[in-house]
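Asker: Encoded as structure tokens, here's the structure I'll be asking about.
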Amino acid sequence: QLFLEAPSSSRRATAFFALVTLCIFVQVALILVHSGSFSIECRDEQPDAAFNESSSCERNVYYVYCFLSVVFSVELFLRTISKRSLRELCSFLWWVDLIAIMPFYLNLLLLAVGLPENWEAQALASCFRMLRLFKLFRLNSDTATLTRALSLSWRPLSIPLMLLFLGSILLGSIIYAVEQAELGRELADTTFPDVGTGVWFMIVTFSTVGYGDVSPKSHSGRAVTVFAIVCGVLFMAMPLSIIGNNFTLAWEERKKLDAVVALQRHCIDRGLQAREITALFEEADVSGDGTITYLEFRAFMDHIGMALKPSEARNLFAAFDDAKTGVITFYEFCHLVFPDLDVERLSANLVMLPTPLQKSECRSPVPTMGPLPGNVATGAPAAERPRSPSVLARKEHAKEHVKELSVLARKE
């Protein structure tokens, strides 16, 4: 599953990701060319012509289409066998893959049975193949930010959408009535023959599109339209601001998620389990006082390969510092890195080691997981606990890095 979902995990995953992306764009280009786009005609004059009598262009397109279908079939098979549960298997994008690949096998079935080709059915099948463009949302990690922003916006957007629904019906009925009253039924029927046309005109006006296919001819109708235009300008400001603000929040959440994933990957590289998170916290806690300061946090982020700007580092540090005390405690660290780990319940069975609280009374000591595997608890204070040579070397390096950051901070 990592091979399919994380293209940067290996060279093979990157190559497979590039191949699938290229195949998607090639298939979209083939559909456009095969439909006659770009003034290129690449299909037979007789729809029911036999394949061996088809033009060379038609045969080449069919061969390329078969190759692309094989690639997509292999990808669908790999994604199917990699799913760990039925809920993961029946995801939206899995159904998109299945529906997009079905026209190829249905076409093979029709050829095997000997039924003639139907261009209307092929046009419908091309629409299904276009669904494969949704795969680009899965292949691009940044699209998750847009999805998150839309999910945060759907409930606030219900208010302007309700205003659009009510306003279009109300003003559409009014403009129909005033046009009929001022111009007469015969002349008004040429512009607004029914209320539905008035509602359509108001929706187009509210959205500031203005197709121009329908327009009022009476003075009263134009006055109503001016009012609708002003309402449309005010109406469009609401959804744009809602989505824009939520996109900013989603982008900040993405930065937080990237940091959590980097920390979890660092645990995997070191062979640490979720219950051995104290070792990870001790790596970041250079001073050994049971809390992580901002400079220690910056040094640790650089160590795990996350190059953050000062503003991004401050925002990320504030996300970890849930109590807003200026330092990150062990529990705040655990809640964000391993949200599914019930640290408070595990703490009931842990040996709480006394640690010097030098900076704030709200800082909690780091629990050492005595009865759990891989624990190094000895009952000594955190600063005196035995550490492996690699951890000691990491501590010395981090201390030097913290000193460098302190010097840079004073210069700024």
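Don't overthink the numbers, they just go from 1 along the chain as shown.
Glycine is no exception: its Cβ is also placed from the backbone N, Cα and C atoms.
Below are the features I grabbed from TrEMBL:
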TRANSMEM  12-33  transmembrane segment
TRANSMEM  62-80  transmembrane segment
TRANSMEM  92-115  transmembrane segment
TRANSMEM  157-178  transmembrane segment
TRANSMEM  190-211  transmembrane segment
TRANSMEM  223-247  transmembrane segment
DOMAIN    272-307  domain 'EF-hand'
DOMAIN    308-343  domain 'EF-hand'
REGION    362-412  region 'Disordered'
COMPBIAS  393-412  compositional bias 'Basic and acidic residues'
Asker: Per DSSP, how many helix, strand and coil residues does the domain 'EF-hand' (308-343) have?
Answerer: 20 helix, 1 strand, 15 coil
Asker: Excluding the flanking five residues on each side, which residues at least 6 beyond the ends of the transmembrane segment (157-178) place their CB within less than 8 Å of a CB in that stretch?
Answerer: 192, 194-203, 206, 216, 218, 220-221, 224-225, 227-228, 231, 235, 238-239, 242-243
Asker: Between 0 and 100, where does the mean pLDDT of the domain 'EF-hand' (308-343) sit?
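Answerer: Over the domain 'EF-hand' (308-343), the predicted model scores a mean pLDDT of 80.
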Asker: What is the number of residues in the domain 'EF-hand' (272-307) that are helix, strand and coil, as DSSP sees it?
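Answerer: Across the domain 'EF-hand' (272-307), the residues distribute as 21 helix, 1 strand, 14 coil.
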